[in-house]
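*Asks:* What follows is a single structure, and I will ask about it in a moment.
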């Protein structure tokens, strides 16, 4: 199908939100020509995308489906530069993310303080997106006919129930539906963006774009094409200038112009959307001139208010009789063949899950809060106290070591994955040149507000005690835990001799061989627990007592290991143009997602969020996509059933079902 040079609607960026926007609008009216421009490659039936269990491959530094942005050095990270990966493939984060189904809290969207963005306004759109593929006690808040599927996947590692029982012993109750928009403290068997019927990842592009293109001819897909700038004519966004995703000839840059008759929607993501606006002349005039760009519209908020969820991992050894995904990820050929064959036979087995089987959302008890520093206590009173639906931290259990398996000994592991739900820290991103290939001036602001440290330290301690109450537990991976003083009772401990021998087998001559006191083995459990029915342990390791030096070791570990959770947002915030308490540098968009100072231009991605959301952000990205598509439809004069914009169901072709299209 030939690509025209003019469209009715142009959607710039085919990520989680952009794919939704383009697919919906192409089904608003099949006489509308909709163009979707994406910098990455097409994800159609790419096994690195649709096979859930191999998602870690997309995070590798040589990934073809992600780009990596390096920040300025930060004293808050002990001088490190943060590395923030962003999807570089059609479908965006939905093609490569962890597939964790997590909703924000009701107060999150109310806190946007924008007309039409309250949770009561957005709930119908949340339901419209999803097909909830499990028994449901809350049918009023979930959807059952949407294009995106939600399930437990088609496999569950045994670490799931062990974690849930251990969490309960920590005062974290099991909850049937932790994504009910109101519960902020509990544990659950975690749902996933996986289609139960096929065992495939449920990404935005297959659900909205490919399904539409197989049934209608009014949606045009332009991949491997980077948005350079938006062209404004007589106060209206009229066209977009693009370049190849990678420079073909730096001395002779290649440009192409696409025009839009009715609407342009910018959806390049939290990092790239503000850069496109800045190259187009929207932003802080001083910064624009310094970068060699003529200011067009004075919007200092463009590129400010950068937010993320701060993440760190804590891996543990597990006993050899338990199952993990380590041998599969490590490259055991026999195991990989068995796992792949099972998935291609019936869509089940370890490839049909992400291995993140259970997790918690938590708020501190009054006693726990009193033990945190005064700065966080004050922040808690201001931000959390009157919003009981907001969790402070999340952590979940991963059924294996999440990281580079060439850097650790063979064996079986589990990993605690933590992230701070509502950081107080803020960052920024700005262009340094009109060149679309130039690296930006990027300060994500990780940990630059002292109030963010206390809950991170608390979560490490909390998750560590959860791990120590699990029957899987066989010691810490000491190289990936804080460097506590040698004499500290909190010191991380390796596997005990019995477990080492079980791994080594009768012919192993070195299991348990220690070099002096370099490492210390785990001691046998000694503490009795009367609550063993729910905790899964009759005998427990005693609670660790941490002193001030131990806390400093944890803080140092967090500064050296905190990273992005791939949940960045906020750089093109909705809010008053003159600014507000939550958008201090001034809003970029009005409540209908229109860019101030120009007609015909909206932004529709996570960058529009003025404040954070307590969830894995694919849920919010889809919601923003649905909301933006509805706003565009209304602006074009459509109403009623037309705004349903129902997309066709994506169906596999015969060749695709056979599994012959493998790697």
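Cβ coordinates come from backbone N, Cα and C, glycine included.
Got these off Swiss-Prot a minute ago, pasting:
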type     : residues : note
BINDING  : 8-38     : FAD binding site
ACT_SITE : 567      : active site, proton acceptor
*Asks:* Note down the number of other Cβ atoms within 10 Å of the Cβ of residue 16 (FAD binding site), including every protein chain shown.
*Replies:* 31
*Asks:* Could you state the whole-number distance in Å separating the C-alpha atoms of residue 36 (FAD binding site) and the residue listed as 'active site, proton acceptor'?
*Replies:* 23
*Asks:* Distance check, please: Cα of the residue listed as 'active site, proton acceptor' against Cα of residue 16 (FAD binding site), rounded to an integer number of angstrom.
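*Replies:* Cα-Cα, rounded: 12 Å.
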*Asks:* Name the residues of the same chain, 6+ apart in sequence, whose Cβ is under 8 Å from the Cβ of residue 8 (FAD binding site)?
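*Replies:* The list for residue 8 (FAD binding site) reads 32, 33, 34, 260, 261, 262, 263, given in order along the sequence.
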*Asks:* Looking at the binding-site residues 20, 28, 32, 36, which one has the fewest other Cβ atoms within 10 Å of its own Cβ?
*Replies:* 32
*Asks:* Determine the most Cβ-crowded residue among the recorded positions 12, 24, 567, using a 10 Å radius around each Cβ and all protein chains in the structure.
*Replies:* 12
*Asks:* Using DSSP and three states only, what is residue 12 (FAD binding site)?
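*Replies:* SS state of residue 12 (FAD binding site) = strand.
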*Asks:* Using DSSP, would you call the residue listed as 'active site, proton acceptor' helix, strand or coil?
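*Replies:* For the residue listed as 'active site, proton acceptor' - judged by DSSP and reduced to three states - the answer is coil.
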